[in-house]
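Colleague: The active site, nucleophile feature in TrEMBL is assigned to ASP88. Among the features that TrEMBL reports, active site, proton donor is placed at ASP90. Per TrEMBL, Mg(2+) binding site is recorded for ASP88, ASP371. The GMP binding site annotation in TrEMBL covers ASP90. What TrEMBL lists as coiled coil is 18-45.
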Amino acid sequence: FGANVCGYSKFTSSVHTVSKFEEKIKRAEADASEDNDDIDNIRREFDAAKRSFLEIPEALKAMPKTNPEGIYVNRGLRLDLIQVYGFDYDFTLAHYSANLQSLIYDLAKEHMVKEFKYPEVCMSFKYDPSFPIRGLYYDREHGCLLKLDFFGSIEEEGCFYGRHQLSEEEIVEIYGTRHIGRDQARRLVGLMDFFCFSEACLIADMVQYFVDAKLEFDACYIYEDVNNAIQHVHQSGLMHRGILSDPHRYLVKNGQLLRFLRMLKEKGKKLFLLTNSPYYFVDGGMQFMLEDSTGNSGSWKELFDVVIAKANKPGFYTSEHPFRCYDTEKDTLAFTKVDTFLKNKIYYHGSLKSFLQITKWKGPEVIYFGDHLFSDLRGPSKAGWRTAAIIHELEDEIRIQNEDRYRFEQAKFHILQELLGRLHAVIPSSKRSEAYKLLMGELNEERQKARSMMKRMFNTSFGATFLTDKGQESAFAYHIHQYADVYTSKPENFLFFSPETWLHAPCDIKIMPHHVKIPSSLFKTSRCSSMP
């Protein structure tokens, strides 16, 4: 009896084992069928999306356009509380033509050849306006120009060694990963001001020369030499004299600026000019820009309560240098102490501490306009002033974003991104079939096409200034968030707003206020409405 029980137990145990095995097979088959259903569903949606990509939906065409001359708000600003308006000069009050970058580039390369003994062949280099954008970083160790995103990662197609665009594999070989760590970040220098276009181009051209000539070089020396040459062009007055010798070529006349400044004065606001440029350059430029509007071209100084030149920003915000009164006739500095600011007088040097002591103007009632996020706006922001970033590229970028063809590609990109995300989510990595791999490859290919199309609309090398190719904010946009309460393309855009306006930051944005995300639902709505 005992033997029979034992045999029965073995028999029932084997039956249970077979049953469990069969259940596992059935579950696996069911899971596989479910996975295939998910892939088939996503495939059908992808095919339907591709059909909808053949034409731009009417709903997309009907979407409102963003104002290229708008004021975009990071932190709410009550203009009725602002009593004092301060301005930088270069690229803030002064509008320059595209010819200026070529002038800076040519003067700097000439200095490098004549003074730093770079090869004579470098004199043949030409500035390429299609190559650089504002907000790039230069790696002084590896010699690469980088475009970083909001989180400090290198954009996939945003790394150049000379004029050679590095592949993702080459980027990983140099940096180990696309993310720039804290130690690596110390080697980077930001190219943020109006010199950055010619500087970035000249750095890349010099690196490329050494690579092509198969000459050894230290990437840090290239940066130091280019930067010193650019600084020489500015500080020596070469650029200033070049601009004033042919103002029609380099400066843009601007009657709207005068209207804006006069409107502020009529509203009882105080105005000051704070610039690193010398007085003769500012005076010559302002006279030229406003001569058709003022009647008396010398009257621009009457618009300002205080004019400070050669301020040495950003040192101005932290130093304790005294102000000196500048004699415009004799080109000399007075030795008497400055303890009050007089109208129609010009002051040199100085510091924020002395400025506030003399004017008694309180931080929150002052707004300062400037184009350089670090030199112009970081100091005032920390001192409690309100800040307005002037970004001239903003107008062109918004106009591109307003175009149907850009919005079309952006919506395509978002649809493909959603489908890729769902495909990753529903299929575990251990169960990825050939059908999965095929669909994944097709989705990635279409997404890359849309991304490349959007990038080329802005800049063929680095894409948009404010966004990465994936629609994330760039590192430059991050700094605007940090140091600018508001940003716009030029100061006179404030003419569209009363000085009593409250400027509110939008509460429903994930990226910059001027950027509109085109919802993928526009295509879905279009597909649904076209179905019988």
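Backbone N, Cα and C define each Cβ position, glycine as well.
All annotation found in TrEMBL is predicted automatically rather than curated by experts.
Fair warning: this is a prediction, and the values are worked out from it, not measured in the lab.
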Colleague: Indicate the candidate from ASP88, ASP90, ASP371 with the smallest number of other Cβ atoms within 10 Å of its Cβ, considering only these recorded positions.
Modeller: ASP371
Colleague: What does the structure give for the C-alpha distance between the residue listed as 'active site, proton donor' and ASP371 (Mg(2+) binding site)? Integer Å is fine.
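Modeller: That comes out at 8 Å between the alpha carbons.
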Colleague: Expressed to the nearest Å, what is the distance separating ASP371 (Mg(2+) binding site) and the residue listed as 'active site, nucleophile' at their Cα atoms?
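Modeller: Just about 8 Å between their Cα atoms.
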Colleague: If I take every residue in the coiled coil (18-45) and average their pLDDT values, what number comes out?
Modeller: 66
